[in-house]
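What follows is one structure encoded as structure tokens, with my remarks underneath.
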Amino acid sequence: MEQRKRKQQRVRGYLFACVVAVLLWTVASAQIRYSISEEVNEGTVVGNAAKDLGLDKSTLEDRKFRIVSDSQDPLFHVNGKDGILYVSRRIDREAVCAQSAACLINLKTVLENPLEIHYVEVEVLDINDHSPLFPEKDNILEISESVLPGARFQLKASRDPDSGHFSVQQYKLSQNDHFRLEVKDRGKDGKIPILVIQKSLDRETAGSHSLVLTALDGGKPPKSGNMNILVNVLDINDNAPVFSKDDYSVTLKENTPAGTTVIQVNATDLDDGSNGNVVYSLSKSMDQNILNLFVINHSTGEVIVKGSRQSQYDLIITAIDAGQPPLSSEMTISVVVSDVNDNSPEFSLSPYTFYVTEGNNGSQENKLTSFLNINSENGDILALKSFDFETVKTFQFQVVATDAGTPSLSSNVTVNVFILDQNDNAPVILYPVSSNGSAEGVEEIPRNVNAGHLVTKVRAYDADIGYNGWLLFSLQEVTDHSLFGLDRYTGQIRTLRSFTETDEAEHKLVILVKDNGNVSLSATATVTVKVVEPGTTVALISLNDLDSGLNGKVICSLDEDVPFTLSPTLKDKIYSLVTMSTLDREQKVKFDLTIVAKDAGQPPLSSERTISVVVSDVNDNSPEFLLSPYTFYISEGNEPGQSVFSVKAFDQDENNNAHISYHILRDGRQENKLTSFLNINSENGDILALKSFDFEAVKTFQFQVVATDAGTPSLSSNATVNVFILDQNDNAPVILYPVSSNGSAEGVEEIPRNVNAGHLVTKVRAYDADIGYNGWLLFSLQEVTDHKTDEAEHKLVILVKDNGNVSLSATATVTVKVVEPKEAFAASDVKSSAEDDDDSNVTFYLMITLGSVSVLFIISIIVLIWRHFCAKNCCHRCWNSVTEQQRHSERVHSGSERQRSSHPVPSQLERFC
């Protein structure tokens, strides 16, 4: 019962408290709404909440007017005194409300005594503060070239954190011929870009397409984002193989050995990968006999003989690719088999060497192979082009002489053509050159320079060589001939005397540069020399004397012969240290100047001070090579990548102005084509050979090395490098005769049994591509069946070796068959006897030559002995005559005089004899 009473009392107490609270609270509820843009500054006023809520401003502070928020970092706060609502921090609408259509923030304001709650709603307005952004910066699409126009490919859409009109509104595609863009609006999901093919793709025309997709929002100005689209076109097998020629034909010797390549066909397929792999085969539609005579390499297209041959064959070659389905092409090759002609034409000289003057008349062509044409009947060679020595100095080609046999045989001869230089290039002025390209320049020199001062140097270049390229300089026009002189060989302009006060301040010099050709060509350069007053202020010297009047008057002077002077300034006791002439750091780097200051008092007092003037460097010296030209000798067969020689240059400047880098001059001319096989270390000048040189291919070449310093502006100089390739014994002798039909050095000779001793059986001919001792050949019998017996057949093995340090050799085998004499060999005997007579005549002439030389030698010895004998008799007679004079002098003069006169005579006689 008691518990029940207590419980009822508690309930009544709660009810009483609630009634009291309701009576005490006068709860007022109201709501207002503001709007504000995102990203406004902290402290921005949103509105006067107290005023808009109709609250008494004077009671706000006592009633503790405030905003109730669960956040530790609220977006807004209210001033408890005046009731104004402020922004507490920057508001990012996208962070607070994501992409909601409306961003509303509800605030609860509270007042006490009595308690009042008011609601304030703040709408955060969006601004265009974000650019559209694609998920990927680059997108790669692979589309087959077989896809038809109208095919659609959906692309990844761009996202913009902004909402409404500031979100992505449109897409644009970069200009192209094959694609267009469609945009599909999916409502809340935004706009989706779709790539549509509007023109068929062809991988063989363009393997890929680069596009740029741009997304734009609705801002003003709009913001954008880009995505790079690379469309790779996938290949399909839409191209059949195509042969490189429309017609193939070949002539084949009837004795061509099996395994010889008849011809090589070539077909190309524009497709890629397996679709472009071409396989060759002989058509199965041909006669089986033909298929048994020829075979084709499936990969290379080489047609190879493998059996006997008739007069003519028509081979059908099929080229098929590896695509699906495969595509193919066919080509018919006409193979003509002709009779063997066993005598090749022989040239009267090998090689030929001709000299052609440049500037000959001819039609213009681009390739060296089309420069010449030959009369097929008489061998006259015509020039179809006017040769230019500066473009090509020499070239080599092969002339083929072919007989009319069936099949025809031919032989080659090398023709070396040397172009002779003509004076067809005028000199080109390299310095001075003005900014507009004319040969004009201005030089300034101090007025106090001495005679012989270098004013400038005119530099010129002539593309001709020899006398045609030698340049002479002369003064064509000058205002005062007594002031300037020009070196006619170097182009240096120097002063002839010192300047005076009456000399003009500006002089114009016109220099004529001409070459030494028969009809000389020339160019002119104009140099304007401005005479300026010397003197650059180096330092200011401040002096002080505590005395006054004359005792405080200070005179400053230099006590040395230096290119400086002291010049008083407008201010008392301050002097300027001024240069009197041009300074040259390469001659003297530092000047130690002693300055003496003396006052005008009696007696005068003085003091000294030594200052140091350091001359800083300017880049006025070009690099100089230790040698010019350089000459190097390289043995052929050098190891590629190794240093073969080195060049070195020095620069009289210092620091960066003296830091030299090297490079090889590569101007693309024909004579400099070997520079592509050389490389130079830019730091130390070591030159590397990137290939192994072959003396038989090139014997000498020339190139230019340029040394450039690191000054500003940089200066450079060139050096010519002459390279001579030394021959090595790297070519074995080649047997020219005998040679069998299969190419081996074997032959058979038949001689009658009744020939005499000394009969010429045959002559082994060989050739070695090396020169000098390496190319001298010696022949020896290495093997012979029997020197004594007279068998019907003898085998001789001849060893042919050269004279190299490590000699190389080749062998030839001659089988001599001894047959009974017949009428068929009568001509051979006659030829042999004629050759014997020729040998006898040669021996006779050789004996006459040796006899003549011996007689001349004996006569020379006799003349020398006679002259020696005559000289001794002359000296003896002179000695007797001088002795007789001496005796006579002794009788006439005194002893002392005799001694003075007797001594010089023997010495003179000894010198005479």
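Placed from the backbone N, Cα and C atoms, the Cβ positions cover glycine too.
Residues annotated as domain 'Cadherin' in TrEMBL: 28-134, 135-243, 244-347, 352-429, 444-533, 534-625, 626-735. Annotation comment: TrEMBL describes 842-866 as transmembrane segment. According to TrEMBL, the region 'Disordered' annotation covers 889-913. The compositional bias 'Basic and acidic residues' feature in TrEMBL is assigned to 889-900.
Residue counts for the domain 'Cadherin' (244-347) under DSSP (helix as H, G, I; strand as E, B; rest coil) come to 10 helix, 45 strand, 49 coil. Mean model confidence of the domain 'Cadherin' (534-625) amounts to 82 (pLDDT, 0 to 100 scale). Applying DSSP to the domain 'Cadherin' (28-134) sorts its residues as follows: 13 helix, 43 strand, 51 coil. When the domain 'Cadherin' (352-429) is classified with DSSP, helix, strand and coil residues number 3 helix, 34 strand, 41 coil. DSSP states for the domain 'Cadherin' (444-533), grouped as helix (H, G, I), strand (E, B) and coil, give 4 helix, 46 strand, 40 coil.
Across the domain 'Cadherin' (135-243), DSSP helix (H, G, I), strand (E, B) and coil residues number 6 helix, 54 strand, 49 coil.
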